[in-house]
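Taken from Swiss-Prot, the feature ATP binding site applies to GLY234, ALA235, PHE236, GLY237, THR238, GLY239, LYS240, THR241, supported by sequence analysis.
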Amino acid sequence: MAAQGRIVWVSGPAVRADGMSEAKMYETVTVGDSKLVGEVIRLTGDVAFIQVYESTSGLKPGEPVIGTGNPLSVLLGPGIIGQLYDGIQRPLRALSEASGSFIGRGITTTPVDMAKKYHFVPSVSNGDEVAAGNVIGVVQETDLIEHSIMVPPDHKGGKISNLVSEGDYDLETVLATTEGEGETVELKMYHRWPVRKPRPYKNRYDPTVPLLTGQRVIDTFFPIAKGGTGSIPGAFGTGKTVTLHQIAKWADSQVVVYIGCGERGNEMTEVLVEFPHLKDPRSGKPLMDRTVLVANTSNMPVAAREASIYTGVTIAEYYRDMGKDVVLVADSTSRWAEALREMSGRLEEMPAEEGYPSYLASRLAEFYERAGRVRAAGSPDRDGSVTLIGAVSPSGGDFTEPVTTHTMRFIKTFWALDAKLAYSRHYPSINWMNSYSGYLADIAKWWGENINEDWLSLRSEVYGVLQREDTLKEIVRLLGPEALPDEEKLILEVARMVKIGLLQQNSFDDVDTYCSPEKQYKLMKLLVDFYKKGQQAIKEGTPLADIRAMKSITTLLKARMDVKDDEMPKLDQLDADMQEEFKSITGVKVSN
């Protein structure tokens, strides 16, 4: 029997109702005469505390609260890709058609078009035994996504019967029935799954394959693996959103889930405007054909921010179970934590550090632990991954505040954005001294097998130059660069070249916005070759001024924008020209 109670107290998005003894934790309820969507978050006797996912203006004590008997769930099936949802998977385009620019309260519609037909190709036969997670057929969802129709994870299994033949069917069509353990279950193209419950899998693997983003400072210096976790904290104006947009655009994953959680609406609009016109570099198809957007902007109800994170990660796990690599980008987890803080305050809970609830760390852990590279449940065997990347917006760029410090406990890649770099127009403004990646050793083998076996040693050499430059900064600040010998002045010069020619990247330049792994390796090798040849030339008595005057330096610094990904021979020619120029200024051939 569904719980039925009455509102006794309203405080912003928090509502208290009595007569709810039949309710369960995290059960979805309808609140008030307007039937607003809410979720039970605490039970004390027959009193339920409910967070409401819509505006509670006008709610008053005495209005009914009715339980649905189900937890907050999302609909999973064909038609999700390319959609724009709010935090509880309501399609915003459909809602805008129904109610105009401002969404009315209590309006609901199906998350996908249930009447749209897809061409279903069965992969099982009548009489076959199936279990939870088995693929029974496929449909083509978009030009980029072949969508596997799977037996729901909570299915008990059984024999297939009444299987439809290949053809066009809508989502409500019963594709097959299963018979087992005395019950008959209908299988359709879609099923529902609770957002707070991770989807099951067979095995979990170590993340050993890099997620290539086309951003040099990430891929080369602080890489993230498929199935890994990363965080990008930074103060206001340091470029978090643009960096996350770049990852969402160019990451070599099959599906991208972009969650705008409590940020400006214009940032979601930018994604909606740009992505349909941008082409996937691997397939040439529009990027929206692989993207799902969950928009929960700063002026939307605060309670739905928490739900938006869980909605997004559940959709990501669904596509992971098809054997796809999924990237989930959350911008920003700080706004999500602020929503937790507001709800905690409304519920009069004891605050912890900076007013955040004491369970902030466990909620962050729940989210980041849903990342991973796994073998999906059922058959045939499918390997997929969910990579979680969360932005953090610490007030004033203070990385010691609770959200940043707790996040650092649960992630392995940390891209620290630096306001000084951003204000000096160095983008992406990832500080190479404060950032780190725990996946470097795991993915070095992939780079060695697929790009070049000396990738790790070159990366160490370039990073060593940046570290040595950092130690020399203090001397230069006190005594000036002229106090240094030529060998150390060369380090400063090469570090400058690394920053401009390798670390900096222009997201608005057609060539430089995406950099292939081969080009990243060649640019890094050019800089290391220049450094080694410069060292040898100085040992042989060549003045540093002659090295600084080389024309090859300008060409090398502009190569990131002048040389396209399919023009690698140009970089080989640049290396040869640099070799000749060193020969001319030293008078002897400098060995590699």
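Going from the start of the chain as shown, residues are counted 1 onward.
Cβ coordinates come from backbone N, Cα and C, glycine included.
Projection of Swiss-Prot feature records onto the structure.
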residue : record           : CB count, 10 Å
GLY234  : ATP binding site : 29
ALA235  : ATP binding site : 18
PHE236  : ATP binding site : 12
GLY237  : ATP binding site : 12
THR238  : ATP binding site : 26
GLY239  : ATP binding site : 22
LYS240  : ATP binding site : 25
THR241  : ATP binding site : 22
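Close to the recorded ATP site, the chain also has SER393, LEU417, ALA419, ALA422, SER429: residues not among GLY234, ALA235, PHE236, GLY237, THR238, GLY239, LYS240, THR241 whose Cβ is within 8 Å of the site's Cβ mean position.
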